[in-house]
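Taken straight from Swiss-Prot:
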{"type": "BINDING", "residues": "Phe14, Ser15, Gly16, Gly17, Gln18, Asp19, Ser20, Ala21, Thr22, Cys23, Leu24", "note": "ATP binding site"}
{"type": "BINDING", "residues": "Cys202, Cys217, Cys220, Cys223", "note": "Zn(2+) binding site"}
Amino acid sequence: MSQILHPDAALVLFSGGQDSATCLAWALDRFARVETIGFDYGQRHLVELDSRAKLLDGLKTLKPEWVAKLGETHTLAIPTLAQVSDTALTRDVAIAMGADGLPNTFVPGRNLIFLTFAAALAYRRGIGAIIGGMCETDYSGYPDCRDATIKALGEAINLGMATQFELHTPLMWLDKAATWGLAQTLGGERLVDLIREHSHTCYLGERGARHDWGFGCGECPACQLRAKGWREFSAQRDARQG
């Protein structure tokens, strides 16, 4: 007999970055109970996990109904991922493009592992929806962010656990400007400001340099995508207001 999953409960993959913070707000707008899960896998930008507490505290001030919906925050340590991944996210090496056309920040299998662990936790807690911030519009080309990958994994998870999880990727077809716009739609300028100030995207874990779009080195692929999206979003917002 399969586990009973509650369709009004969601588990959000919440790293503390811009995308996952936006997905968390999206989930709070749609589900009755929302829990979060983050992963410590020896990443260089571990400061990202530290951002989660400030984001959660800030989200609770935006809408009264979100306070009651927010459930437990889970953190899983999976150091073995770093042990099998010789990448710029888990090693102190310069970020560069590889011969395969992927940046050396690609951690093979990372999202596959994250979603599988998330599903195992959701199964135990009776949570029917799993939400991730994967996107194949503005992204670095990671194959485990693609829609086809996530759908195939979702089918495998449901077969392997004899369940019917719903895997949601609300950012899949949004560029970074549209992701900023979604945050504005969900929580207004206060949510945009919260994500800008307290979410962390930079692969190098840089929190000393402040930019219009938030904190980061400004040079790594993640910072460049975030900055480009912010410029486009700001221009669109100014045009509407002007």
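Just so it is clear, glycine is given a Cβ too, placed from its N, Cα and C backbone atoms.
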Rounded to the nearest Å - Cα separation of Leu24 (ATP binding site) and Cys220 (Zn(2+) binding site): 25
Thr22 (ATP binding site) to Cys202 (Zn(2+) binding site) - Cα separation in whole Å: 16
Residues close to ATP site centre defined by Phe14, Ser15, Gly16, Gly17, Gln18, Asp19, Ser20, Ala21, Thr22, Cys23, Leu24, Cβ within 8 Å: Val12, Leu55, Gly133, Ile195, Ser199
Residue pair Phe14 (ATP binding site), Cys223 (Zn(2+) binding site) - Cα distance, angstrom, rounded: 18
Neighbour count (Cβ, 10 Å) for Ser20 (ATP binding site): 24
For Gln18 (ATP binding site), the one of Cys217, Cys220, Cys223 that lies nearest, given that the binding-site residues are compared by Cα: Cys223
C-alpha spacing of Gly16 (ATP binding site) relative to Cys202 (Zn(2+) binding site), in angstrom: 11
Same-chain residues at least 6 apart in sequence whose Cβ lies under 8 Å from Cys217 (Zn(2+) binding site): Cys202, Tyr203, Leu204, Glu206, Ala209, Cys223
